[in-house]
Amino acid sequence: MADFITTSQKPSDSRGSSSTLMTETLQVLKEIVPPELQNPRVGIICGSGLSGLAASLRQSVLVQYEKLPGFVQSTVPGHKSALAFGLMGSGAGIPVVAMLGRFHPYEGHKLSSVVYPVRVMGAIGVKDIFITNAAGALNPALAVGTIVVVHDHIALPNLTGMNPLLGPQIDPSFPRFLPISDAYSRSLRKLVFHAAHQLSMNRDALAEGTYAWVSGPTYETPAEGRFLRAAGADVVGMSTVPEVLAAREEGMNVLVLSLVTNAVVIPASYKSVREEVETEIAGNLIEPVIDEKVSHEEVLALGKMKGDLMKSLVAKVLDLLPPPV
Ligand SMILES: O=P(O)(O)O[C@H]1O[C@H](CO)[C@@H](O)[C@H]1O
Ligand SMILES: Nc1nc2[nH]cnc2c(=O)[nH]1
């Protein structure tokens, strides 16, 4: 069994993963987590309302974030603040580590803190990372409840200076200019569709699409929704992309599953107030404008409703993973 303290020491940098900090984090994990679970192959990040994903972990050990140097607290309802180590999948199972609760920049966390758990996953030997999230549908063909296998992203924050990889190189062996045209592993994406087939999932329950990352915490205006849709995004959310970039830099294979929890309200055109007033003045009936609003409660409710499906899908993908090389 490899000692994870030795696997990935990072030099000091401005993103918070100084070698001292990482050594301290790994030391705490070594003290709490039994040796057979210390080097998980798979990392899972549970999105809003999806922490139940880890309920099927066997021999599980929870490590509260407050015990881990470098970890902040998750402050969003539907997110816990603990790492779960255990075995998942059928048979002997595969050792996994799951983040029950993630960090978002809108909570006030620095990007280096947001991705620190992914750095830790890299340091303990995680090869494949499964990142889940709750997202709003921009593509009208995506019904609420659909699970979207993400194959690409649009990250306006990355393009405008909010990229977690900004700053001195965290490890001299990492590329300075990371190509991310292949960020979303094709073979893992294919495994999800094989898994769905084996679970006899309805064809419409699973789709493919592009995730737009926005900073939040506001949801989109109709014009922003139209803009992101026109740019080619299918779903939108406030997380995931920083984790994807850090995971790719760490050399992990990335799978992202977005649960569509709501439709982003994007009416095809703006309903003119002038026309409405003129209609009123003319004494004619007006069609009421329905003011639909998304809420985090709705997002969490959907997570609860579809949590078991997401769990079965992830467990089946774990079963289908090829043996490590
Ligand atoms: O992306 P996750 O963490 O799943 O949560 C999504 O749901 C929250 C908004 O309801 C935002 O945090 C958004 O990013
Ligand atoms: N930005 C954004 N994030 C979400 N997370 C869940 N639903 C949504 C949404 O509609 N917009």
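Using N, Cα and C of the backbone, Cβ positions are placed for all residues, glycine too.
Copied from TrEMBL, the annotated features are:
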REGION    1-20  region 'Disordered'
DOMAIN    41-269  domain 'Nucleoside phosphorylase'
BINDING   Ser48, His79, Arg102, Phe103, His104, Ala134, Glu220, Ser239  phosphate binding site
BINDING   Asn262  purine D-ribonucleoside binding site
Under a threshold of 6 Å between Cβ and any atom of ligand 1, which of the binding-site residues Ser48, Phe103, Ala134, Glu220, Asn262 are retained?
Ser48, Ala134
Report, in whole Å, the straight Cα-to-Cα distance of Asn262 (purine D-ribonucleoside binding site) from Phe103 (phosphate binding site).
21
Which of the binding-site residues Arg102, Phe103, Asn262 have a Cβ less than 6 Å from any atom of ligand 2?
Asn262
Looking only at Ser48, Asn262, the binding-site residues on record, which one has the least crowded Cβ, with the fewest other Cβ atoms within 10 Å?
Asn262
Work through the binding-site residues one by one (His79, His104, Ala134, Glu220, Ser239) and name whichever has its CA nearest to the CA of Asn262 (purine D-ribonucleoside binding site).
Ala134
Span of the recorded phosphate site, as the biggest CA-CA distance among Ser48, His79, Arg102, Phe103, His104, Ala134, Glu220, Ser239 in Å, is 22
Mind giving me a neighbour count for Arg102 (phosphate binding site)? Other Cβ atoms within 10 Å of its Cβ, every protein chain shown.
28
With an 8 Å cut-off on Cβ-Cβ distance and a minimum sequence separation of at least 6, pull the same-chain contacts of Ala134 (phosphate binding site), or say none.
Gly47, Ser48, Gly49, Leu50, Gly237, Ser258, Leu259, Thr261, Val299, Leu300, Leu302, Gly303
Note: in the chain of His104 (phosphate binding site), residues six or more apart in sequence with C-beta under 8 angstroms of its C-beta are Val76, Val114, Gly216, Pro217, Met238, Ser239
Here the binding-site residues are His79, Phe103, Glu220; the one whose Cβ sees the most other Cβ atoms within 10 Å is Phe103
Tell me whether Ser48 (phosphate binding site) sits in a helix, a strand or coil according to DSSP.
coil
